[in-house]
Amino acid sequence: MSFNLSVTAVVPAAGIGTRMQAGKPKQYLEIAGKTILEHTLNALMAHPLVNHTIIAAHPDDTILPTLPFYKKSWLSVVQGGSERAHSVLNAVSTLPETAWALVHDAARPCLSVDDIGKLLALMKDESVAGGILATPVRDTMKRAHPTKSQIVSHTESRESLWHALTPQLFKAGELTHAIQAGLTSGTLITDEASAMEAVGHQVKLVAGNPANIKITHPEDLPLAAFYLSQLAQQHNKE
Ligand SMILES: Nc1ccn([C@@H]2O[C@H](COP(=O)(O)OP(=O)(O)OP(=O)(O)O)[C@@H](O)[C@H]2O)c(=O)n1
Ligand SMILES: C[C@](O)(CO)[C@H](O)COP(=O)(O)O
């Protein structure tokens with residue numbers, strides 16, 4: 001049986017980085033001389049099965065066209081939307097229904113090629129619609145009191161609780177329909193898996209490296225710089 005093994009990376013990059021409180025969208029902040037977005041694209045394109053990337057960019061983005069990779073043949077750009085789900089939908093809906101979409105946050109540059117490979121192995125697993133990189137929760141989880149946000153209401157069980165990361169891998173057609181259904185029904189869609197789960201698809205959890213952090217707040221930058229240096233050292237040893 002032949003499997004469609006070509007993969008398109010889809011990179012939602014239309015956010016404005018409010019929580020980062022920087023003078024520009026966080027994906028354009030630099031680490032080791034490259035923008036965070038460029039680190040992320042390099043990470044994705046390092047896997048031999050990833051042969052194209054679609055970026056969903058903010059309509060007012062004037063930085064992206066100035067970057068060195070902008071005119072590369074392996075890159076396409078679509079307009080992002082008001083929410084991350086809209087940005088992903090605008091990109092994924094341009095793909096053939098049977099294409100594999102590897103959706104990955106622009107704000108997650110510390111992605112290893114090994115973790116991409118672990119997730120792409122799901123393309124041959126017909127028991128699931130796709131899957132996501134994730135890490136098991138390590139800390140005790142507390143639910144705050146609904147009206148007293150600094151007071152503990154109760155302790156949540158951390159049994160079988162995971163942090164969802166990206167990339168998240170699904171067939172473009174199924175993902176397009178799931179996001180459209182979720183947006184129409186008002187389902188909260190904060191990642192691709194939540195849309196797929198809502199319409200009944202099986203989603204596999206693939207344990208990934210917790211270094212694959214989402215750069216969100218200023219204190220994440222030095223941590224990401226450290227993890228990127230570790231990835232570079234590992235790459236140089238290979
Ligand atoms: N309308 C949006 C909102 C977010 N994103 C992207 O989704 C990823 C994860 O979102 P987040 O970390 O929340 O980024 P921002 O929305 O930029 O951050 P903030 O919420 O602090 O403004 C980022 O790569 C961001 O660029 C997007 O493509 N379109
Ligand atoms: C997609 C994601 O990175 C998975 O953890 C996360 O849901 C993005 O959330 P954000 O609020 O858009 O940063």
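Any Cβ shown, glycine's included, is placed from N, Cα and C.
Remember, TrEMBL labels are computer predictions, not curated facts.
Taken from TrEMBL as is:
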SITE      Arg19  site 'Transition state stabilizer'
SITE      Lys26  site 'Transition state stabilizer'
SITE      Arg158  site 'Positions MEP for the nucleophilic attack'
SITE      Lys214  site 'Positions MEP for the nucleophilic attack'
Enumerate same-chain residues with a sequence separation of six or more from Lys214 (site 'Positions MEP for the nucleophilic attack') and a Cβ-Cβ distance below 8 A; give 'none' if the list is empty.
Asp105, Ala107, Arg108, Leu165, Thr166, Asp220
Should Lys214 (site 'Positions MEP for the nucleophilic attack') be counted as helix, strand, or coil on the basis of DSSP?
coil
Hey, what's the Cβ neighbour count for Arg158 (site 'Positions MEP for the nucleophilic attack') at 10 Å?
13
If we count other C-beta atoms within 10 Å, could you say which of the recorded sites Arg19, Lys26 has the fewest?
Arg19
Quick one: pull the CA-CA distance for Lys26 (site 'Transition state stabilizer') versus Arg19 (site 'Transition state stabilizer'), whole Å only.
9
Any of the recorded sites Arg19, Lys26, Arg158, Lys214 with a C-beta atom under 6 A from ligand 2? Give them in order, or none.
Lys214
